[in-house]
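Some features that TrEMBL has for this protein:
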BINDING   G23, V24, G25, K26, G27, T28, R167, V176, Y177, S242  GTP binding site
BINDING   T45, R50, S71, L72, V73, G130, F131, P132, R133, Q137, R200, R211  AMP binding site
DOMAIN    167-202  domain 'Adenylate kinase active site lid'
REGION    44-73  region 'NMPbind'
REGION    166-203  region 'LID'
Amino acid sequence: MGVSSGSRKLREAARIILVGAPGVGKGTQSERLMRRYPQLASISTGDLLRDNVRDKTLLGLQAESLIKSGSLVPDPLILDLILRELTSRNWLSTSRLNTNIVSAISQRSRSSSCAVEPSQDPESSFILDGFPRTATQADSLSRLLPMNLVLHLVTPAEIILSRMATRWVHASSGRVYNIGFNDPKVAGIDDITGEKLVQREDDTEETWRKRLAKFEETSSGLLNFYKEKQPATVVVVRGNSSDEISPQIFEEVERRFA
Ligand code: AP5
Ligand code: MG
């Protein structure tokens, strides 16, 4: 993949958010970060939603048409989803939260402090890919668990569009391939599981343009939230490909947490 391998150790707990246009490479960078720093884990709300659609859960049924049309899933549903995921992975203790987690978030949102003390253990490091996506989501998250690095990935839209048609994914893990750039070892097959790769239903040009418009509409509020509240955590990383972006991200993570 053109990026030097070899795993490294984090000495500080990293809680990283990836922000960027659809197809900019959030999933790709998450995978590369986890390979380089095995203490990192990642949550992609897009992948979680697609799992729910595939499993035909109530959330999946509510989210399916929104995802297909390039719209965002409503904040309360996403907050519910992410809170369940954070607690099931033990990244967030539920002991001080209400049983009704959505109302717990809104109650927390009215208080000024954080719900839980974040772990200082570097083994509790993680990446959030695609969450938060709105200022409301960022505000709710900040009341629960403060993030300490916000990476804003920037690639020109036309470059991203040109590679969307050749993106293939492994549905259950979210692993990403791109024909001619990051090919699977066997065409159409996931390297790790041997299962079939698929193309995402929202990767048509028309839907991608709608997702991009949504990103442009919501991301300035999201980024302004962090620029105002915790400016030292926001870093813009520019590049025309994931290979240009990865070394810059690695340097930033190394400097802050390794
Ligand atoms: P989500 O799954 O998060 O989609 P997205 O943000 O649109 O981002 P993508 O996953 O499409 O792209 P990516 O940035 O991960 O890039 P990747 O690395 O795969 O969300 C889907 C939907 O779920 C949303 O539209 C919304 O409806 C809903 N949703 C999710 N979270 C939500 C939230 N918090 N609130 C509300 N709704 C939410 O791809 C990059 C590609 O480029 C790869 O193919 C890579 O190999 C390729 N690449 C990189 N460099 C090169 C190169 N030099 N040459 C060729 N290819 C290259
Ligand atoms: Mg992704």
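Just so you know, glycine gets a Cβ as well, placed from its N, Cα and C.
Positions of the features from TrEMBL, shown on the structure.
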residue: G23; record: GTP binding site; Cβ within 10 Å: 24
residue: G25; record: GTP binding site; Cβ within 10 Å: 27
residue: G27; record: GTP binding site; Cβ within 10 Å: 22
residue: T45; record: AMP binding site; Cβ within 10 Å: 19
residue: S71; record: AMP binding site; Cβ within 10 Å: 14
residue: V73; record: AMP binding site; Cβ within 10 Å: 19
residue: F131; record: AMP binding site; Cβ within 10 Å: 22
residue: R167; record: GTP binding site; Cβ within 10 Å: 20
residue: Y177; record: GTP binding site; Cβ within 10 Å: 21
residue: R200; record: AMP binding site; Cβ within 10 Å: 20
Same chain only, sequence gap of 6 or more: which residues have a CB within under 8 Å of the CB of R133 (AMP binding site)?
V19, T45, L72, I78, T218, S219, L222
Of G23, G25, F131, R133, R200, binding-site residues neighbouring ligand 1, Cβ under 6 A
G23, G25, F131, R133
Mean of pLDDT values spanning the region 'LID' (166-203)
95
Listed binding-site residues adjacent to ligand 2, that is, members of G25, G27, Y177 whose C-beta is under 6 A away
G27
Listed binding-site residues are S71, F131, R200; which of them have CA atoms within 10 A of the CA of R167 (GTP binding site)?
R200
Given the binding-site residues S71, V73, R200, find the one whose Cα is closest in space to the Cα of G27 (GTP binding site).
R200
Please state how far apart, in Å and to a whole number, the two most distant Cα atoms are among G23, V24, G25, K26, G27, T28, R167, V176, Y177, S242, the recorded GTP-binding residues.
13
Say you check the Cα of V73 (AMP binding site) against those of the binding-site residues G23, G25, Y177; which is nearest?
G23
